[in-house]
Amino acid sequence: MPNLIFYQKIKINKGEYVKLNIFSAAQPSGIPTLGNYIGTIRSWNAFQKNYNSIYCIADLHAITKRQNPKLLLKNSLDLLSIYLSCDIDPKISTIFMQSHRPEHTQLSWMLSCYTYFGELKRMVQFKEKSKNNKNINIGLFSYPILMASDILLYQTHKVPAGLDQAQHIELSKLIAKRFNKIYNSNIFNVPELIITQSGSRIMALSNPKKKMSKSDKNKNNFISLLDSEESIIRKIKNAQTDSDQPPVIKYDVIKKPGISNLLCILSELTGKNIIELETYFSNKLYRDLKLEVIHTVLEHIKKIQKKYFSIRSKEKYLIEILQSGSEKAKKIANNTLSKVKNAIGLHS
Ligand code: TRP
């Protein structure tokens, strides 16, 4: 992750250096993909050293879609185990479950009184999620307010997330500024998005014009972090390339989306830049590129899986991490919530 170094800002406070606060979250809706790993989770680990980091499991966001009650906790523990396997360290970072902290829904109600219908109606993700959906519930609509509450409760400076979350984070900024202005205060830090993927997105393997997503109906389009070795090999071998003769291994998202996607995966995982890779692969075959991608992906994923399978069975340990994370989160969340209530004139 060579680009992360640029983001390590430290604020000076009364001659003292303080770490900035980072907050991010993912929904427990299935095992993350290689795209999620490269795009976000991997960077969370890198941020821990230089920021006060808080990472949340957004189970309340997940229920905007109907969930199987027997699977929700299991999915959350799966996700927690993935965080831990990607070396997010509970001794350094605060890791907790959104539904364990009532402050999130409390603040969410309050902030919904400072957010306009028109603002939510413009959200691209809401429009997309409403398509072909019989369950367009109010939670799906007010989802960005809960997200703003997640972020604003922890006096967040930076939110490492994918580009698809940019509009939600812009809204969080707007709400924070609006609230601060109304009450002539600095109750909320105004957060900023850190785009963690160096300007690129990991695309679906057999349709590289769309994003790699764990909800894709075609399982060949994504690599789950828990996929078996055989299926990873098969999926990469079958990834779409093109029929250029002679084969050209060059980054060109428009003309060569498949090759560009493979180069991008390789570049992200090895830290080598694309130009370096293009030179290395000049006069080589698509098969050579794929073999290299397979080798690199397996190297990363096997390490994660080894850790995952040793951690996932220790449910007591996992629950303890969430409990202590929730206690740590409580102090900060309570502090912000009382300031908000005071400002509004609500008294406890
Ligand atoms: N909505 C985010 C997603 O689906 C998850 C999320 C919830 C989040 N709360 C957040 C991300 C706060 C960043 C900050 O990916």
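Just so you know, glycine gets a Cβ as well, placed from its N, Cα and C.
In TrEMBL, annotation is done automatically, which means it is predicted and not curated.
Positions annotated as ATP binding site by TrEMBL: GLN27, PRO28, SER29, GLY35, ASN36, GLY162, LEU163, ASP164, ILE202, LYS211, MET212, SER213, LYS214, SER215. The Cβ of MET212 (ATP binding site) lies under 8 Å from the Cβ of THR33, LEU34, GLY35, ARG201, ILE202, MET203, ALA204, LEU205, ASN221, PHE222, ILE223, each of these being in the same chain and 6 or more residues away along the sequence.
Counting only same-chain residues at least 6 apart in sequence, those with a Cβ under 8 Å from the Cβ of ASP150 (L-tryptophan binding site) are PHE23, ALA25, CYS56, ALA58, GLN98, HIS104. Look at TrEMBL and you will find ASP150 tagged as L-tryptophan binding site.
Look at TrEMBL and you will find 28-36 tagged as motif ''HIGH' region'. Listed by sequence, the residues of this chain that lie at least six past the ends of the motif ''HIGH' region' (28-36) yet keep a Cβ under 8 A from its Cβ atoms are 57-59, 62, 65, 72, 75-76, 78-79, 82, 201-203, 211-215, 222-226, 265, 297, 301.
According to TrEMBL, the feature motif ''KMSKS' region' maps to 211-215. For the motif ''KMSKS' region' (211-215), the residues of the chain that approach it from at least six positions outside its boundaries are 29-36, 164, 201-205, 221-224, judged by C-beta separation under 8 angstroms.
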For the binding-site residues GLN27, ASP150, LYS214, which residues place their CB under 6 A from an atom of ligand 1?
GLN27, ASP150
Is it possible to get the count of other C-beta atoms within 10 angstroms of the C-beta of GLN27 (ATP binding site)?
21
Which chain-mates of SER29 (ATP binding site) that are at least 6 residues away have a CB under 8 A from its CB, listed by sequence?
ALA62, LYS65, ASN75, LYS214, SER215
Between any two of GLN27, PRO28, SER29, GLY35, ASN36, GLY162, LEU163, ASP164, ILE202, LYS211, MET212, SER213, LYS214, SER215, the residues recorded as binding ATP, what is the biggest Cα to Cα distance in Å?
20
